Amino acid sequence: MSTSPHRFGHIALLGPPNAGKSTLLNALLGQKLAIVSPKPQTTRNQLAGILTLGDAQIVLIDTPGVHVPRGSRLNSRIVEAAWQALAQAQAIVLVLDCPFYLQKPDLLEKDIKLLSRPVERSGLPVIVALNKLDALADVKNMLPVMARLGEAWPGAEIVPVSALKEKGLDQLLSVMTAHLPEGDSLYPEDELTTAPMRFLASEIIREKLFLALSQELPYNTAVAIEHWQDTPKGARVNAVIYVSRDRHKGMVIGKGGKVLKDVGSKARQDLIELMGGPVHLELFVKVREGWTEDEFFLNELGEEQGS
Ligand SMILES: Nc1nc2c(ncn2[C@@H]2O[C@H](COP(=O)(O)OP(=O)(O)OP(=O)(O)O)[C@@H](O)[C@H]2O)c(=O)[nH]1
Ligand SMILES: [Mg+2]
């Protein structure tokens, strides 16, 4: 029997957009909770996933990708949500895209600069998950990146991982657990998240939009659950997809409604899995000019999302 004390705490997954934070959250949980897309800035809110292990319970907080926010209020709020996660955490896992930095070494310097100050100010221990190991031609290629990160965060453990191929996760988990304070679990062991179902449903729809739409369009869409009813025949869910311009509406609907139909049927499949029963999903597209700048609307969305 293990004599090590039980540990409990929150760990923030922090890093630039597209580094694989949400993929890592899902891989660590062994279940899809966070949405993922090849486009940067997919995640817009914190999302807590609860991982119950034999000797620890870790609340993993997925965060939006940190970057220098340009343009909209939405963008500033997204980045703010990421930094705010540090206030609740006992440790930080910096998730970084190794192959990307090999291609663009100057962006490694830029990201170190962006992350250093807030991370240092938080006073939290840092673990680096150097991600996308599987996409390297030779694992030795990561050595200079590791050396540079070792300079930037002296003493931080750097764990090469592949969130996609689920490599290096056991090592990452043992390093993470070691950084947690002793304590009892706060949540039942079968609880996966603190996020409301409505939020998870709206995220699933947003993921399908991110996958279906090109260029700037996904960044100008938001999803709100307008109506939710649990019936003996399953859940009836009405969701509104907000777009910021009239011409975007047609693009989201697509020729003969094809895009919206496709988004709806893919989202429905995931919702069935999430809820473990039949789902009737109806999607509506509404124009709300300038919503990405509208503080009131952004607050409303935030409340819906439990954040
Ligand atoms: N090859 C490879 N691709 C990965 C890995 N982890 C994530 N990806 C891909 O990287 C892209 C971005 O992944 P996400 O998990 O959405 O990244 P994120 O850091 O959450 O991004 P934002 O939410 O936009 O900040 C997706 O296409 C993933 O499939 C990995 O270990 N290897
Ligand atoms: Mg993400």
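Any Cβ shown, glycine's included, is placed from N, Cα and C.
Note that TrEMBL annotation is computational and uncurated.
According to TrEMBL, the feature GTP binding site maps to 15-22, 62-66, 131-134. TrEMBL lists 7-182 with the feature domain 'Era-type G'. Taken from TrEMBL, the feature domain 'KH type-2' covers 213-289. The region 'G1' annotation in TrEMBL covers 15-22. Annotation source TrEMBL lists region 'G2' at 41-45. Here TrEMBL flags 62-65 as region 'G3'. According to TrEMBL, the feature region 'G4' maps to 131-134.
Shown here: features listed in TrEMBL, placed on the structure.
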| residue | record | Cβ within 10 Å |
| --- | --- | --- |
| GLY15 | GTP binding site | 25 |
| ASN18 | GTP binding site | 20 |
| LYS21 | GTP binding site | 34 |
| THR63 | GTP binding site | 28 |
| VAL66 | GTP binding site | 22 |
| LEU133 | GTP binding site | 20 |
*Which binding-site residues from the list ASN18, LYS21, THR63 come close to ligand 1, meaning a Cβ under 6 Å from one of its atoms?*
ASN18, LYS21
_As a check: which entries in GLY15, ASN18, LYS21, THR63, VAL66, LEU133, the binding-site residues, place their Cβ less than 6 Å from an atom of ligand 2?_
LYS21
*Along the region 'G1' (15-22), what average pLDDT does this model show?*
98
